Structures are given as structure tokens and as C-alpha cells.
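Heads up, the thing below is written out as C-alpha cells.
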There are 4 protein chains.
Amino acid sequence: MAYFNDVPKIKFEGYQSTNPFAFKYYDAEEKVGGKSMKEHLKFSVAYWHTLTGDGGDPFGAGTALRPWDHLSGMDQAKARVEAAFELFEKLDVPYFCFHDVDVAPEGSSLKETNDNLDVIVAMIKDYMKTSRTKLLWNTANMFTHPRFTHGAATANDANVYAYSAAKVKKGLEVGKELGAENYVFWGGREGYETLLNTDLKLELDNLAKFYHMALDYAKEIGFDAQFLIEPKPKEPTTHQYDFDVATATAFLHQYGLEQDFKFNIEANHATLAGHTFEHELRVARTSGMLGSVDANQGDTLLGWDTDEFPTDLYSTTLAMYEILKNGGLGRGGLNFDAKVRRGSFAPNDLFHAHIAGMDAFAIGLKVANKLIEDNFFETIVNNRYDTFKSAIGEKITAGNTNFKELEQHALQLDTIEVKSGQVEKIKAQLNQYLLRVNEL
Amino acid sequence: MAYFNDVPKIKFEGYQSTNPFAFKYYDAEEKVGGKSMKEHLKFSVAYWHTLTGDGGDPFGAGTALRPWDHLSGMDQAKARVEAAFELFEKLDVPYFCFHDVDVAPEGSSLKETNDNLDVIVAMIKDYMKTSRTKLLWNTANMFTHPRFTHGAATANDANVYAYSAAKVKKGLEVGKELGAENYVFWGGREGYETLLNTDLKLELDNLAKFYHMALDYAKEIGFDAQFLIEPKPKEPTTHQYDFDVATATAFLHQYGLEQDFKFNIEANHATLAGHTFEHELRVARTSGMLGSVDANQGDTLLGWDTDEFPTDLYSTTLAMYEILKNGGLGRGGLNFDAKVRRGSFAPNDLFHAHIAGMDAFAIGLKVANKLIEDNFFETIVNNRYDTFKSAIGEKITAGNTNFKELEQHALQLDTIEVKSGQVEKIKAQLNQYLLRVNEL
Amino acid sequence: MAYFNDVPKIKFEGYQSTNPFAFKYYDAEEKVGGKSMKEHLKFSVAYWHTLTGDGGDPFGAGTALRPWDHLSGMDQAKARVEAAFELFEKLDVPYFCFHDVDVAPEGSSLKETNDNLDVIVAMIKDYMKTSRTKLLWNTANMFTHPRFTHGAATANDANVYAYSAAKVKKGLEVGKELGAENYVFWGGREGYETLLNTDLKLELDNLAKFYHMALDYAKEIGFDAQFLIEPKPKEPTTHQYDFDVATATAFLHQYGLEQDFKFNIEANHATLAGHTFEHELRVARTSGMLGSVDANQGDTLLGWDTDEFPTDLYSTTLAMYEILKNGGLGRGGLNFDAKVRRGSFAPNDLFHAHIAGMDAFAIGLKVANKLIEDNFFETIVNNRYDTFKSAIGEKITAGNTNFKELEQHALQLDTIEVKSGQVEKIKAQLNQYLLRVNEL
Amino acid sequence: MAYFNDVPKIKFEGYQSTNPFAFKYYDAEEKVGGKSMKEHLKFSVAYWHTLTGDGGDPFGAGTALRPWDHLSGMDQAKARVEAAFELFEKLDVPYFCFHDVDVAPEGSSLKETNDNLDVIVAMIKDYMKTSRTKLLWNTANMFTHPRFTHGAATANDANVYAYSAAKVKKGLEVGKELGAENYVFWGGREGYETLLNTDLKLELDNLAKFYHMALDYAKEIGFDAQFLIEPKPKEPTTHQYDFDVATATAFLHQYGLEQDFKFNIEANHATLAGHTFEHELRVARTSGMLGSVDANQGDTLLGWDTDEFPTDLYSTTLAMYEILKNGGLGRGGLNFDAKVRRGSFAPNDLFHAHIAGMDAFAIGLKVANKLIEDNFFETIVNNRYDTFKSAIGEKITAGNTNFKELEQHALQLDTIEVKSGQVEKIKAQLNQYLLRVNEL
Ligand SMILES: [Co+2]
Ligand SMILES: [Co+2]
Ligand SMILES: [Co+2]
Ligand SMILES: [Co+2]
Ligand SMILES: [Co+2]
Ligand SMILES: [Co+2]
Ligand SMILES: [Co+2]
Ligand SMILES: [Co+2]
């Protein structure tokens, strides 16, 4: 059965196309820097936003019109799987991601919930046999149900903690069953609302123990996915523990977990934390911990996570630069953790939105690759830091000097001529690169 | 010579006093929880704001009227020292803090700058012989001079790096000479404006080497002060490397420096980073890294560091709670990194402001001590986390369980009854505590 | 039938009481400045948060445990009315407020919706006969249902506009039926998401016409309530048209509506707009447009409307100062547009929260009244602006001068000595006032 | 004498040029939509940032290297005039703008200040005789000097008020002398820090009287420039009175000034107020009050006015759309109220920055013009609001209906089918337009 009958298979038609159901930039087989776009851009559909989400917001009911609205329970869950693979195929996306509750409804007991999940997972596995689309990552939703009001692995209640362990245990099993590349931890309610009633130390100790047990269990069952932490500040819990990449890095080091995790970095979470998307990517990259990406964008005039589909080409270009310099994302991918606006409620908008995002990243890829081929940023940086390549500078970077020697050096210096950073010139050049993408 | 002739020695007169030149709550000898206020509240005057600052802002010239305005250069520097010790004595504050350039003017060469500093340091040392007031910490200003435009220990220029090393070397020597309890690193321009021209990895590597050399040199000269990092986000550099306590903790761990540093935590820097003051104190406390405090407050409706004198009693109470639970601040203190508003330009405002801040912390101390005596928060927390004290909870906190056992536990659970967090009730009770401070 | 069996009638017990079900400050009959607290503090319960709200948030399902959870549809609606009046009586609050959909469920047609509403309104009216509690204001919810996705009176669709008119028409009729003191317009989705698809001018023109028709209809049916606009920025629509008091004032003037509306000012909406609560109150007060108050508070570290119960005593004191200087709120009141936190899901929390808020405003009233009795702010202001009382200053305020005369005056001035604003001293004094409330 | 010897006359070389001293998009004589770029884009240099600014920030001294650094006082002022006209000529900008103190130093008395100004104004006038560059607007700086600590026309001191009047009187005379197209009021310190010491009503009344006197005086001397208010929130005064366009509109209406003023809209002020640039432009446009533009951009991750040169092409495109739809800016222009970054301190950066900004607006113009030629937004809007063109919708927009008729209409409606807003599709199309600019 087809769910998106109006929508054809989305094909590449080039930047002059006015067909809304065509890619203008994303050409899967086109080679960029020696690899095909398909190899560079491991796009993933986020099941929760695209298949499960209903467009509700704190002030209004769901608006989404979906071909499975007339169904409910397991019937609806199955219809969604069918629709999902139709959508994957029409967009030709290589990956998808899901939380447990996205794909199968909760039952009246944990047992029943797991049973529901088993049915759907089997169905998904069956679809995957003939589909190009694979599982980028799965995760456990430990924030929607009221039992998680005060957290999951950082809950104030041991039963909730145990329940959460059972959920992640199941998640690891499901991930193994479906061949997931990664397993993600986004601490939906791992944080605190106010210190007035919180034992922060106990909660963090418990969280670390939880991660250690998860690692042990994955090893035990032979599930070799990359574990990823997805940092996010402020929402839904006022003080989320994984505020940003640096915060989570501190935690991993403090609990001896830094070898076992990488990061899943979301653009909108970066800006909510007061950083740029590229900042978070760079911080993770320099630590060797850039694992995967939640490709979306936010509205910096708003104070919450809007999870918009990415269309800002400055952002996609600088993100792709970081990814290319990282040698790609390894087992990670570009997951559209993005939802159509509440006002974009028609089924077709799901396609328009993914096309917008995929083209935006294809443009970013092409521009970033050109920047790298031209050594654009590298030339700027090499020139700007050139004094570190010889004499006292070389000693500094080699760790072969000390304060006394440096003071002697400083005392004999006349005035120091620092160089202009030339940011305005660089930004203008970047605009030139961007606007010539159609020539690439 | 006296500089503040209108201002008498500030004495405690009690909460009913209407004398603006009296403490209403801070009574140095009053015992709170077995120790005198003087022992609890190691107040410090920030030389830069109170002696050197002129009230200028990005849109206007300095407004401060100071008795040393008619002087300049070293004469002015000396007058400030005299005035400083008069102010310390009239307020009876036990500590002060300074940057090198606060106390002595820069010369036309590093040599001359150091010579100027030596003269003033000798003068300060002389004053300290007969003063109760000691040096809480000193630091090097590596952000005002244009040579530091692109950073100091994270500059793009090896000469600037060497110059910075010479400044900190001198700072360590000065600290030793004056018996400083701590040495502070606030990375004024240690950060980057844009990744478009930045080698983030090189800059952080260099910064870590810088800290290692500083530690080596302090050891070499036998300066045993506690080293403190003062985190701050966003300002003046868009992406400050020491964004918050967690970020700096990650850095310290990544470069093997976590044993050698604690934190100097500023209230306004906390809120700029999107955290509460008490959050930053708690995060540092649970890591055993709460070193000292910059006692001020910000305006959360504004996006920059306003460095206001602390008067918000909710904030001082929760801060003092963290400090008391930390067993005090050790070698640290409460430094008023706070400036009178540009419109509060009269000399007397310096006293009004310090009195406001000292009383606010005295109130916070008394309320926090009462909360602890009553086990107020401890009772809430003990009750809230009680399931972790026995059975499966005890196993969790002891690290004696695993996912399989936890799943078994979860499977046999009926519905989990989580407890209300009762935040509204707690906040009302906190108001009651605060409003009864006059009975304490 | 009783719904809150654990909860006794809430009585005043004084500031030393540790009974969570007692007022510590709010004593209805206590006289403050010649009037009873009951007369000063026209508290109102917000039906949506306290009777209808379920504690859901964008990341989680409802958590609220309510004695009417087992019911649904009209039965639940009726149970809520019963429970509401029990709660009103136990708290002895004089007012309540509601949106149409808070009290009665939507039917499958507008007709059925109105019929449902009629049944419940009749029931409410019946209860009101024997209750002290009256209707402060009602309003129409024109943001929850998907038909309002793109707005109501500013929708892009004429049918939606007509539907909205029908809703407000009914709302005016209901208000008249129940004797509402005011009628509120909060433009839930009156705004735009992006200019990329918006005709801002048409939408505002339509909104003005809508208001004119509402005024006409109220007049026609003899409903003499005060019309109130409740400004709010950013949420749920990115660009809400009624951003703040000033923005809505501009709109009213541009469309000749300024005589017919006052403002309902919410604390949390003020801070979201970048203002303080007292700023919005003052701006409305100086225009003679302070109509009513939504008494809550936000978290300025978060970027959305948290609608917390008010407990910040600085805020309640300064708010009550504005209200007292306004000569009270006229037909307006203090509506707790505040919700218990998602984690405060127990029925009793509803009482704890209202007690917290009522006591916080009682404290604010007492402190503000004392400040006024002492002419505290008035003395500061009179002194600060004294040059406007004579000579050239008097001419300025009387409008009896011109640029030439003022230039002549300026040219003969020597240096101008401006006065210190002394903010730090004032803040310390304000703390003294606050902490002496138990003596009042 | 030449000041910028390295810099040639900046010529148009096309988008493929790698010459940093060439325009890639701005071609003065190129026709866009029937008019030359020169006619569309009335660029202006902001004297304060480009000639007077030194690159200082709250944490550091000035960094700018300028060919007139060795001079001071009037000699420096004269050198700046020479350099200014060299820069205007090399960039071929048609306009410039200044505050009084930008061009001439303050003297030791108002008389001397005015005399200084007269000398420089005469010199400027002389240069203008042979220059293409005209005065877009001038204004009075009433925020830098300490006398303006508490405001100017809203000061608490009548002498300051008189002094301010004298400054604006002189400003109007200077504007007339130099043939200024506009006169701008940016209320640098017209606002308040805290209500604790403020009489808001008196301050606003005084401000309105000030404006009336300014209008009277301009009329008296026959200076027919357009008066412009430039709104800005938060900085330097916490609560600036002219928060945004809407706030200033309310003020103008309340004091009968709405016919006499238009707005000068700055991009960075818009975002600081929580709006987009295009929002402020649209709000002013629909009121017929779009007067002129301060063309810059901010960093929405920072909380203050960064005044960056505009390079964001989304922003310049949407701004130019509003300007084109406004039929141009009339007597207004595009003033680069933008400063090179503190780290871009070399003289050449002044040119790089202006080239970046001029090209960014040329691109914006070309794309916006194409969008209008294609009726891109108009088609979207016409389709989206089509129900207002007939039947009940036509009655609504004509003001020929009422609540009873609308209710009748609503009652007979079946379900209302609202249309998707299709934001994602529109954004993707906008990217296509932008990336095809090189074909235009
Ligand atoms: Co995500
Ligand atoms: Co997100
Ligand atoms: Co500090
Ligand atoms: Co600070
Ligand atoms: Co609200
Ligand atoms: Co409200
Ligand atoms: Co600006
Ligand atoms: Co401007």
C-alpha cells in the first residue's frame, strides 16, 4: 500500500529546476573530492519527527495530516513502518533513527511494551532486507512517560532507574538486531529543575554507573555500535546535565568513560547552549569525539529547540567543512532531527522539508570541498600562526621552553606587531565561494 | 593623608539602623554556627573596580569622581594604594585582589612596567605590615593592551605568548612577595572570535603548556598559592575557552591539569553561561574544586557582564549554603568583583556598595546556617532519594548490579509511584526562613 | 462531593507557622493602609492551569494527578466545576478566570460546543449564587485547535476569522451571563511565523476590525466589562503582534482603539519581552491603561513562558508598589496565571502553590505600603529631579520655553554637577524594608 | 595629502575577481529593475565607526591603526576630514553621517565646542563642493560625556536638558548648513537604569516637549530635513525608551508627534529587541514610517550591539525586498553603522569591510528585485489569503460585517480546511534564488 501517492521518487534535476519534488543540488552519484555525494552525506530520517510527530506544541493540538491518522495502536505503528520505507525509498535516504516509543506503542506493562516492540522490530527488519536504508542509531525515550518526571538514570527513585536500565537493555538488543551503527543517549530529563530538592552528586554518580552497565551489556551481547552522547542544554529540564560537548566531556573524564563515547551533535542544541554549530563540531573533532550529527537549525531569536529543517547555507557549509576535515563521520551520519513547522502540516511538506535539507547539505558539501581544495582556511591559519613554526614559537609548541626563557625573549622584544584578523575580508570571500556553487 | 574624609569607620549598628555608613547585618565578631562572621566571610575588595575603574562604558567616558583624579602615572598609583588601605580599614575587609596593571601603570617597555610594579608592590607590602588586610589573589591583565588583541596564552603570535609568560612569571613573583593565598587565571581574551581564522587545537595545546610552565615556575620559586581558573563565557571574546566550570574541567582533564587547579566562581559569569550562581558552585563543589568566589550579580535581562554589587538575598543565601557545605572556601574568599554603577560615581558610593554587598552576604550566611542547622534541604533530599538507601537502590549506588538484574526488577514492578517535587512549597518555606533573619 | 479531602480550609496562622496548609502572611481581614488585604488583593484562580492543565510539556505527557481523572467529556467538566468551587472556598479567593475550552469540551460542531458551554455556564452560575467567588474575566481560546494554526482574528482564512468572531461573540455573552468584570484578549496565535508568507498589514487591519466589532457587540448586549489586551512576545508565534504594552499601545492608537482597552499584564510575558514586570506595569500605569495583572513569574535563564507561581518577593513588592500608586486595579485583579511545575503533580501542590503566591503578594503589599507611607521612592525621586521645580526647569515642564532660551541658559552654565543615582544604597535599603515585614 | 596610499579607487570587477580592493557585485551604473544600483543603494559611511572609532571595547584599549594617530585635537579632526573624503571618493559612496563630537573635539565650554564644530563644518562644506558625497544625516552625541550620565532630554536635571537642547539646536543648524537629508535622534541614554530612582512619566513628558521644540526650531530656521528616531533596546541604558519601532510609534502617537517623524532602522538593534531586521522594516513600512536604514548585522549569540558590517545575504535580501516594496527610502539611505572588528585594526580593513557590505547589499538588491519581478512572495501571499477576496472575506476586509453575521457564517461551516504554510518549500526556493544571483 502507498501512503504518499502524490509524491514521485525524488530525482536530481539541477539548480534550475522548479519542480518541488526534485533535488536541485543533491545528486547521489556526483563525485565531490573523489567520493560520491552518497558516500559523503549519510542522511538519516528521524522517525519521531517525520513518522510519529503530530505538530502539537505547548499551546495547541497536533495539526499533522497523515495517511495513518485513521489507525491506532499497533495497526498505526505498522502503517507507519510501511510509510517510512516508502518515504525512505522515495527520498533514497540511506539511514533512519528512532526511539523505542516512536516505532511501537507502550503497553500496559514493560513486558507488553517489549512485546509490541518485538513485533515492530521484526517488521522493520523484514523491510530492511530489501531496502537500501539502514539504521543509523536507535535510542530509548526516557522522558515522555510520567514515570520519568524526575529523570531516568538520574531519577530520585531506584525503581525508575531500574526501569530505565531495562529500557536501554532492550534498546541495545534492538540495535543489535537491526544492525545499528550507533547507540545514542540523549538525556531527555537527565538534569534538575532546581537545586532546592536535588542531590546533584548522587545523580551524576548514578548516571556514570548506568553508562558503565550499558557498556558492559553491549559487550556481553556483542553489540559493537559506537556509543554517542547527544548534549543539550536547558530543555526540558532547566539544568540538563549534558549542557554541551565540553560539559559532557568533563563528565566522561571524571568517570573514566572518555574512551567509550563520542558525540552526536545537534545544531539547535549548540545554539541553545550559546555556541555555533561549528563550534560544537570543532570541539568534538579536536578531541577525536565527533561521532554523528543531528542536522537541523534553530531560531536564535527564540529560547527553545525549534528543530527546523536545515536551510541556512552558512551553517551547512561550515558544518561540512568540519566533517570533511574529520575525514567524514565514520559510523555516524547526518540525521534530520528536524520537524516540519506546525503550519506545514500536509504530507507533502515532509518531502519538501527533506529535499530542502538534503540540498542545503549538498550545497554545503560542495562549497566546503572547494574551500578545502583551495586551502582557503588553511592558508589563512598557516599565515596567521606562522610565528609558531620557528625559533621561540617552535620551542613553545614542542614544549621545550619555560617561563624564564620566555621572559628573556619578551624582555628583548621591541613592540610586538600583531596581525589584523581580517574577518570582514574573509566573510566577503566566503560569500563569493557560496555564490559560485552552481559552477562546481 | 585621608581620601575619604566624609566616611567614618563602618560599624555594625543592626538591622534597624538608618545610618548609611553602618553595617546592618555584618557583625564581624558575631558567631554563626560556631565561627565568627569574620571567619566565615573572607571579603575582598577588587582593586580594579574600586580603585582603578572610572565608570566608563562602551557609550561613554568615565564618570567616577575620585580623590586621586588630579594625579597621574606613578603618583596616582601611589595615591590609590594609600586610598585603598584607608578603604580596607574603614570597611575592615580582610582581603584584596588585583591585576598587575590595576596597581601600577604600564611602562614603555616590559622592563619599565616591571620596575613600576616593583615600586608599588614594595609600597603595598609596607602597608600590609600594619594592616589586617591580606592579598587574596593577584593576576595578570592580559586583555587590555592591544598586543593581546588575539589572545595571550592562546594568541596566534609566539611573541605575544612569550610576553604573556613574562607577565605571569612576574605575577607569580609578586604573589609570593605579598603572600597571596591564590593565583587567578581569567582568560580575558583566551578564546576566539570566529573559527574562520582560528586554529582552536593549537591554541588550547598552547594554553595547557602555559599552565604547566606556570605550575613549574611557582614550584621553582616556592610559591604555594592555590591556582584558580575563573570561567566566563562570551565576553570579551565571542567564544571564551573557559565558558563555565564544566568546560574548564574538561580542559583540565584533557591536559592532565585537574589536580593543580580549582575554580574562582563569579555569579555574573554563571548567569551569562545560562546557569545559576549556585549551579556553578555546586558543580565545582562536587568535584572538590570550589576554590574562591567573585561575589557579584548580573542582570539576566541584559546579555553582558554587569558586575553589580550583590544584593539579591536569594542568591547570597544559596551561595552561602554551598560554601558552608563545602566547609568554607579554604584559602579562597568572597571577592567583590563588582563595580558601582556608572551613575553611582561619588566616592561615598564605593562604601554604600560594599556595605550593601557585605550585609547581603551576612544575611545569606545567617539564613544558610539556619537552614543547615534545621537540616532543611537535607531532609528534603533524604526523603526524596530514600529508595536508594535499601534493596535495589542500595545495589545501584554501591555499583553491585547490572542491566539484567535491573531488568528483572523492572519487570516485576507494578506502576511506579514517583513523588511530587513540591518546589512551590519549598520556595514558600525558603521565603519564611529569609524573612525571619532578624530573629537569628 | 469533596475532591480535596486532605486539604482543610486555609487559614491565616502567621509567619511562624509551619503548617503547609496555612497562610503565613495573607490575612484577609488585616488592614494595610486603611483597607483590608482582601480589598487590596483581588486574587483569582486561573481555571486552565489549576483545573484543566495536566502538566504535559513538549517532551512529556501530562503528570497531574487529579480527582477527576477517571471522568471524561461533560462529566469531567462538571466535576471540575465542583472541584473548582471547593478550591475557591478553601483558599477563599474572590475571583477566577477561564477560557471557553477550559470549562467545557469542544463539540463536533460550533453549535455543540456552544451547547456544552451553556450547560457548564449555567452550572457555574448556580455555584456563584452561593459562593463569594466571582468572575474576574473570561476569554476565548483561539490557539489550541488546528483551525487556528495560522491565527484567529489575524488568520489567513476568512472562515477562521468568522469562526473566531463567533467564539468571541459567545465569550461576550458568557461574560455578561456570569457578570465578568473584564474580558481579555490574549492573541494566542495572533502573530506570524515568518514574513516569507505573511501579509502583516492585512492581518493587523483585520485584527483592528475584529476589536471594533467586539466592542460594538458588547455594547449591543449591554456587557460593560473592561476590555483588556494581554501582551506577550514570541510564543507560540515567533512574532506575536502584542509583543509588549508599548507595542499594543501603538496598535490601539493606530486604529483608534486606545480609549476602549486597558492591559492585563503578566510578569512572565514582561521578562520574555526583555522587560521587568514593574516596567510593564509602570508603562501601562502612566498611560492610564493598567487594567489587571497575571500574577506569576518566569525563569530568566530560560527562553519561554514558564508561568511559575510568584514567590520572588522583590518582584511582588515592586508590583504592589505600582498597583498601590495606581489606586488599585479598579475592576482588575491578581490572576494566578501560574501552573504547578510538572514535577509538582499532586493535588495538594495546587494548594501549596496558591498559598505561596498569595503570601508572596501579601508580603509585597505590606512592604510596598510601608514604602509609600514612608515616601521612600517619592523622596528619592523628588530630590533627584528637583531642578525641574523652579527656574528653567519649571519652564521646561510647563512647556514655556524653546531651544533658543535653553541654549542661552546652557551657554552661561559652568560645569554641570549631576547627582549620583545611588542605586546600591537604595537596594540595600530596600532589603532592610523587606526583612522587616514581620514587624508590620 | 593621501591617507590610504595602498588603496586604489575601488572598481567593479565582477564576481570572479579575487582582488580584495574591488567590488564583486556592486556596479554603480548597472541597472536593476530600471534604476541604477547607485540610485537604489544610497550607501553612507558612518563617521564615528570609520573615522573616529579606535577599536576599544570594555576590556581593552583601542587597537585601530590610523594614519592620523600622531595628531590630536583640531589637527586630528582636520586630518580625519581629509581622510574621510579620500575614503568616500575611493569607495564612491554617496553619503556620510556623523554625530557632532565625531567630527570636532569638545572644547572646555559649550561655546568653544560650537566654535570647534564651526571650523570643521566649514571645512566639510568646502570638501562637499567638489565631492559627490552628501550628508545623509547628522545627530548630536548626548551619551558620551559624563553630564549625560542620567540622560539628555530625559535627564533628571534641568541644566542637562538645557544643554541637550543647545546641542540639538546646533545640530539642526549644522544639518541645514551642510544640506542634510535627515536629522536623527538616537536616544543614547534616553532610558532608565532602574525604576527605583526614576520618574518615568516626567522623563517621557520632557522628551516629547524636547521633540516639539526641535520641530519648531527646524521650522524656524527653514531646515526641512526628515526627522528620524532610531530605536534601540537595552544598551547603554537598561531600559531604553525607544525599544523598537512599535514602542517609539506608541510614544509618537501619545504625544501627537506621529506625523513629524519616521524611523532609522538598524539591523542589530532589531535583533537585540528580539525581532528580525525585516520585521522592523516591515512594521515601519506598513505605517508609512520607514525613513532610513543603519545597515549592519549583529551576533544573535551575543547580548549586545556588535555593529558588524553586513555580510549575511539572507538579511540583505529580505531588507532590500522591504526597501524596494517601500518604493525606496525617499530621503533616507543605507548607512553602514558598522565597525571593523577590534581585531581588524589595519587601515585596509576599513575598505575590505565597506566592500563586503556594499557587495552584500548589491547581491540583496539583485535577488530581491528578481523576487519582485517574479512576484515570488506576492504569489504566495495572494494564494494564501485568497478567501479574503470574495464573499464573507470581502465583507470582512471592507468592514461591512459584524459578529452576528460572522457567527451565522461560522455556524454553517463544516470543517475548515486551513492551508499549509509551506515554509520549508519557500526557504528552499529562496536559496535557489540566492544562488542564481550570478546569472542576474
Ligand atoms: Co537531536
Ligand atoms: Co533538538
Ligand atoms: Co570575576
Ligand atoms: Co564579571
Ligand atoms: Co504566561
Ligand atoms: Co497570562
Ligand atoms: Co548599533
Ligand atoms: Co545605528
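Positions of Cβ are set from backbone N, Cα and C atoms, glycine also.
No curator has checked TrEMBL annotations; they are predicted automatically.
Within 10 Å of the C-beta of A:HIS99 (active site) we count 22 further C-beta atoms, all protein chains included. Taken from TrEMBL, the feature active site applies to A:HIS99 (among others).
Taken from TrEMBL, the feature active site applies to A:ASP102 (among others). In three-state terms derived from DSSP, A:ASP102 (active site) belongs to a helical segment.
In the three-state DSSP scheme, A:GLU266 (Mg(2+) 1 binding site) is classed as strand. Residue environment of A:GLU266 (Mg(2+) 1 binding site) contains 27 other Cβ atoms, counted within 10 Å of its Cβ in all protein chains. Residues or ranges marked as Mg(2+) 1 binding site by TrEMBL: A:GLU230, A:GLU266, A:ASP294, A:ASP337.
Annotation source TrEMBL lists Mg(2+) 2 binding site at A:GLU266, A:HIS269, A:ASP305, A:ASP307.
One way to see the shell of the Mg(2+) 1 site is to take the Cβ centroid of A:GLU230, A:GLU266, A:ASP294, A:ASP337; the remaining same-chain residues with a Cβ within 8 Å of it are A:TRP186, A:LYS232, A:ASN264, A:ILE265, A:ALA267, A:ASN268, A:HIS269, A:VAL293, A:ASN296, A:ASN335.
For ligand 1, the recorded positions lying close by, meaning a CB under 6 A from one of its atoms, are A:GLU266, A:ASP294, A:ASP337; the full candidate list was A:ASP102, A:GLU266, A:ASP294, A:ASP305, A:ASP337.
Take the mean position of the Cβ atoms of A:GLU266, A:HIS269, A:ASP305, A:ASP307, the recorded Mg(2+) 2 site; other residues of that chain with a Cβ within 8 Å of it are A:LYS232, A:ALA267, A:ASN268, A:LEU272, A:ASP294, A:ASN296, A:GLY298, A:THR306, A:ASP337. Using A:ASP294 (Mg(2+) 1 binding site) as the reference Cα, a 10 A cut-off selects A:HIS269 from the recorded positions A:HIS99, A:ASP102, A:HIS269. Comparing the binding-site residues A:GLU230, A:ASP294, A:ASP305, A:ASP307 by how many other C-beta atoms lie within 10 angstroms of each C-beta, the top residue is A:ASP294. Cα spacing between A:ASP337 (Mg(2+) 1 binding site) and A:HIS269 (Mg(2+) 2 binding site): 11 Å, rounded to the nearest whole number.
Nearest neighbour of A:ASP307 (Mg(2+) 2 binding site) by Cα distance, taken over the recorded positions A:HIS99, A:ASP102, A:GLU230, A:GLU266: A:GLU266. Considering only the recorded positions A:HIS99, A:ASP102, A:HIS269, A:ASP305, the residues lying within 10 A of A:GLU230 (Mg(2+) 1 binding site) on a C-alpha to C-alpha basis are A:HIS269. Reduced to three states, the DSSP call for A:ASP307 (Mg(2+) 2 binding site) is coil.
Sequence-distant contacts (6 or more apart, same chain, Cβ under 8 Å) of A:ASP102 (active site) comprise A:TYR47, A:TRP48, A:LEU51, A:THR52, A:ASN141. The candidate set comprises the binding-site residues A:HIS269, A:ASP337. Of these, A:HIS269 has the most other Cβ atoms within 10 Å. Taking only the Cα positions, the spacing between A:HIS99 (active site) and A:HIS269 (Mg(2+) 2 binding site) is 18 angstrom. Checking the recorded positions A:HIS99, A:ASP102, A:GLU230, A:GLU266, A:ASP305, A:ASP307 for a CB within less than 6 Å of any atom of ligand 2 leaves A:GLU266, A:ASP305, A:ASP307, listed in sequence order. It is 10 Å from the Cα atom of A:GLU266 (Mg(2+) 1 binding site) to that of A:ASP305 (Mg(2+) 2 binding site).
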